[in-house]
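Feature list (source: TrEMBL):
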DOMAIN    52-416  domain 'Cation/H+ exchanger transmembrane'
DOMAIN    474-598  domain 'Cation/H(+) antiporter central'
DOMAIN    610-759  domain 'Cation/H(+) antiporter C-terminal'
TRANSMEM  84-104  transmembrane segment
TRANSMEM  116-135  transmembrane segment
TRANSMEM  155-173  transmembrane segment
TRANSMEM  180-199  transmembrane segment
TRANSMEM  219-241  transmembrane segment
TRANSMEM  253-272  transmembrane segment
TRANSMEM  335-359  transmembrane segment
TRANSMEM  396-419  transmembrane segment
Amino acid sequence: MVGASPPPSPLPFLLYENETYEYCIVLPPKVNSAGIWENETSPLVIFNYSLPLLEMQAGITMSPMMNLPAFRSIFFNKELSIEVIDTVSMFGFALFLFLTGVKMDMKLALRTTKRSVGIGVVSLLSSILVGAAINETFKQPNETEQVKTERLIETMVEALTSFSVIACLLAELKILNTELGRLALTSAAVGDLSTMFLVHVMSLSRNFTASPLLVIKRVVIMFCFITLIIFVFRPLMYWVIKRTPDGGPVAEVYIMATMMVALGCAVFTHWVDRSPLIGAFLFGLAVPDGPPLGSALIDKFECFINAFFLSIYVTASTLRANFGNMLSDPSHVKFFTFFFSMTFLAKLIPCCIGSFLNFMPFRDSLAFGLVMSSKGIVQLSHYSTFRDNQVLSETVFTAMVIAILVNATIVPILVRFLYDPDSRKYAAYEQRNIMHLKPDAELRILACVHTSDNVPAMINLLDLTCPTRESPNVVYVLHLIELMARNSPVFIAHHNHESSTATTKSFEKIIPFYQYEGNNWGSVTVNAFTVITPRKLMHEDICMMALDKQTSFIILPFHRKWSIDGSLEEENNVVRNLNCTVLDQAPCSVGILIDRGRRQKPMEPSSPSSCSIGMLFLGGKDDREALMLAKRMARNTQVKLTVTRLIAYQDCGNVVDWDTVLDTEMLKDVKQNNGVLDNGNDITYVEEVLHCGSQTIKLVRSIANDYDLMIVGRHYGVESVLLAGLSEWSEFPELGIVGDLFASMDLNSRVSVLVIQQQIVQ
């Protein structure tokens, strides 16, 4: 009998019955979700993200559902869990206040105007007086000491104007750097400091009668603590900044050490029977704001602290409110409704009157009053602290929470309805452009710079505009810096000798413009400014300054940077978005300067060197504006200007429209004086008859290397056979079709380009 063949031996990787599993890991991991609307059919998909899942678990730990048997089986020690959550949330909120102090500019309160001081102080005192009057009216004969303390706390916290709450509200509504926003920030800074001073004086005076030695001890300890922060920790942080390379990141060890000191300050103030929030906040005020240290702290910790710790703190605080008991007592509901309504109006009305008397429209004044009356996380923290110390009863605490929730819900909606800066375009109802200037009128220019790389090309262009004593240039230089690690925008006028540690390096970028003024003394006046503002609101500062200074021309740098060899080195889409917004809202003509680095030095009057400028003229108001600037440049004897008019073959001999009549009139003096114009200036006029867009491209490529600077109009809204089909290949619509051809990477040329759009009159 033939035996059966033996079974096949198992594969090596199954020798010990092992199995192989495959996992798909998403990198980077999912942390923040887009909300329940991310997937409307399955909203629970948000719990695939780590942060929402962690927040849900923390919320369940603190919720009343812990009393259910099912949850007790999961979280067997509710008291311990809540204690841990409360401790973590308190330290998290202390870190939040630390970052708030980092972003807060204490100098803002010292640079306030009289109206800001008046509004801040009056709004505080009016709320206190009204609250005290209401409490006196409803005072009961047998009122306990706890009730009197509760009424005092209600009045003081309701009168509080929190700088951080107002700054967050203004940033959320995107009105931080508007007139209303600046007035609200300065007034809030005054109100916040006044409240802090008043509360500490009242607290010390009440405790002094009971224990004078204890008050003196606390004052001495806090004085020593503040001295340590100012004279030890702050110089150490400046030492860290000096050790950090210019533009480089701060070392991780310094960032972590700073956060540990912030926590240590919170623990210290808690140890000396003060709130841990005070220590963290005071240390945050001592941190130098802005880059590199302040911005590094904000970038590294703000997202996590605001999204996680702050959520836990708010949840832990509000879940302690008993809404059922509060709403079941009609007398409590009536009293607190009346109290909060009157104190709200007591703050709202003086702010409205103060802003209205300063020539602010009524709707704006009402919106300003609402902003100054807003409540938020800071007021909630005060109430929570008093509740933790058993100073406030559950009923009073619940009423306070309801008032904050109602205020935080309604105020942003009303402010957005009353004050909409987007609907207010910076439209000028008079001609503010180059073409409508008188022949010898001064040319007002707003030159915007972001980095030091923008400065040489900007000065070269300003030098080409040929300023004279009879027709001078007034140049307003605006250095734009993104607001980082600050709550409030900063505006500095360098010609007024204003100084700031945050803008010391900025002034170095401004110095070449003052040197340009010195080289053209009597024909050029330079006024330099630095503005530190959110990048989404930079266009408002540009347009507002152009409107206030009555400029005729704004010069913006292009968002691309070319290296010395002509290759693309850097591209900044933030700058591009800014340029597009300014083009849409500017109250005067705008030019975008594309610098390829062909001319590195301005022309010297005694130098025999010359500058060759080309101008392509297709027609339209933008081209007429560009031609006017080109003719102004041609006054310089060192400038050789060539005006090339492109004519469509199909339009030869046809009846022209009104735009063509205006074009012909603008070109008349150029045609008549072809070769020589005004005192021997070199101007050449050329006409090119083309058939289609492809010939336009060939012409651009053929003449690009013949000039140092090309000037073209944006041609917004102008249709031509010579541009047909080219818009589909346009990469940058803000430059127009012709400007986009010169900015293309396919163009092998180093010529710089100035794209001009004439003022859009509403």
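Even glycines carry a Cβ here, placed using N, Cα and C.
Just so you know, TrEMBL annotations never went through curation; they're auto-generated.
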Report summary line: Over the domain 'Cation/H(+) antiporter C-terminal' (610-759) the mean pLDDT stands at 81
Query raised in the report: Sequence gap of 6 or more, Cβ distance under 8 Å, 3 or more pairs: do the transmembrane segment (396-419) and the transmembrane segment (155-173) meet that?
Result: yes
Query raised in the report: Can you name the far-off residues of the same chain, 6+ from the ends of the transmembrane segment (180-199), with a Cβ under 8 Å from a Cβ of it?
Result: 108-109, 111-113, 115-117, 119-121, 123-124, 156, 159-163, 166-167, 170, 351, 355, 360, 364, 367-368, 371-372, 419, 487-489
Query - Most Cβ pairs under 8 Å with the transmembrane segment (116-135), selected from 84-104, 155-173, 219-241, 253-272 - result: 155-173
Query raised in the report: For the transmembrane segment (84-104), what are the same-chain contacts with Cβ under 8 Å, counting residues 6+ beyond its ends?
Result: 58, 61-62, 163-164, 167, 259, 262-263, 266, 276-277, 279-287, 289, 294, 297-298, 301-302, 305-306, 308-310, 312-313, 316, 377, 381, 485-488
Report task. Quickly jot the same-chain residues contacting the transmembrane segment (155-173) by Cβ under 8 Å, restricted to those at least six beyond its ends, or write none. Result -> 100, 103-104, 120, 123-124, 127-128, 131-132, 135, 181, 184-185, 187-189, 191-192, 195, 198-199, 202, 340, 343-344, 347, 371-372, 374-379, 382-383, 400, 403, 411-412, 415-416, 419, 487-488, 534
Report summary line: Lying 6 or more residues past either end of the transmembrane segment (253-272) yet within Cβ distance under 8 Å of it, the residues of that chain are 91, 94-95, 98, 218, 221-222, 225, 229, 233, 237, 240, 278-280, 282-284, 287, 293, 296-297, 300-301
